[in-house]
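Taken from Swiss-Prot, the feature UDP-N-acetyl-alpha-D-glucosamine binding site covers T10, G11, G12, N124, S196, I253, Q298.
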Amino acid sequence: MRLLVSGGGTGGHIYPALALIERLKQVEPDTEVLYVGTTRGLENKIVPDAGIELETMHMQGFKRSLSLENFKTIYLFLNSVHHAKKIISEFKPDVVLGTGGYVSGAVLYAAAKKHIPTVIHEQNSVVGVTNKFLSRYVDQIAIAFEAARSQFPADKVTMAGNPRAQQVAAKKDSDFSWTRYDLKDDVPTLMIFGGSQGAPKINKTVVDAIPEFNKRPYQVIFATGQKRYDDVKKQLAEGNIKPADNVKVVPYIKDMPAKMPRVAALVSRAGATTIAEVTALGVPTILIPSPYVTANHQVKNAQALVKNNAGLMITEDKLDARALLTQADKIMEDEEVRKEMAHAAEKMGRPDAADRLIKILHKAIDEHEK
């Protein structure tokens, strides 16, 4: 298969694509892939690091208010469609996959106009602007949340899940040991992670909660985000707060999927990739949705878990040390609650998500050949 993939800007658009590509190369080793992203997005580092060929285009998003910048955006979009058509003509893909972000809008639109098989993948429960626009032009639509189904043309939609789920499910039997962090393997572990950049409100809340976490019968590993580690260390020093042996504060946690099968529960944002990971692995989760995302989609993502008793939610406006400790204790101090939530999360998981998406890609190709 010759696959052209486009998605950019944030990790939520990129990592599912990389997980899909990894699986596709396992089952179809002769697969050739070209990734098309933006000149300024995270894909500029992540995609080449994964050994995948990358082409970039200059894009920018629409302002939500009337603005002269929007005329520039329209010009850039039309220019990018022209650029995308050239890339498509040169690469000659069998199918084009879009995973979100403005760049995928130009690429998938161009592919559809050239009558190339097209598929979009929507990771969130609330459909993004780009995928909403593309839904009328593409052949197939893969979703990760049932809530997204009604927002698309019904005859094009198939439930796939998030390919990242299959990638992390493969690490379920990880032999990782908490002794690497001077923690114990026979004590329930709560992992707290506000994202790769860290989240100031979450970090401050955890700092305030550490004196109580120090007294708990479970252990805590708290990743501050690389850029915010010094700030957290400063807050701890100013508050004269010293983490006990059962609490570890680290800048980041490398290879998170290898660690997650060994956690009793996770505190995190409610991004689509996180939801895919915790449901694939059956990890009880306390979700703190980011209030800084489009259409409040992280709240909707979190609600899907809460509704199925697979997670708890604290909105950021209600977040403080007491709220965090109350929810953490509810899970960490009751093994039966943990087991029930883990089972509920696993029931929601789609550990074959990449394989499902590969079938959808082939379906798009086959329908064009009829």
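Every residue, even glycine, has its Cβ placed from backbone N, Cα and C.
Note that the coordinates shown come from a computational prediction; the quantities given were computed from them, not determined experimentally.
In this entry, UDP-N-acetyl-alpha-D-glucosamine is bound by T10, G11, G12, N124, S196, I253, Q298, whose most widely separated C-alpha atoms sit 24 angstrom apart. Neighbour count (other Cβ atoms within 10 Å of the Cβ, all protein chains): 16 for I253 (UDP-N-acetyl-alpha-D-glucosamine binding site).
Note: T10 (UDP-N-acetyl-alpha-D-glucosamine binding site) has non-local neighbours G41, L42, G101, i.e. same-chain residues 6+ apart with C-beta under 8 A of its own C-beta. When secondary structure is read from DSSP and collapsed to three states, I253 (UDP-N-acetyl-alpha-D-glucosamine binding site) falls in the coil class. Sparsest Cβ environment among the binding-site residues G11, G12 (other Cβ atoms counted within 10 Å): G11.
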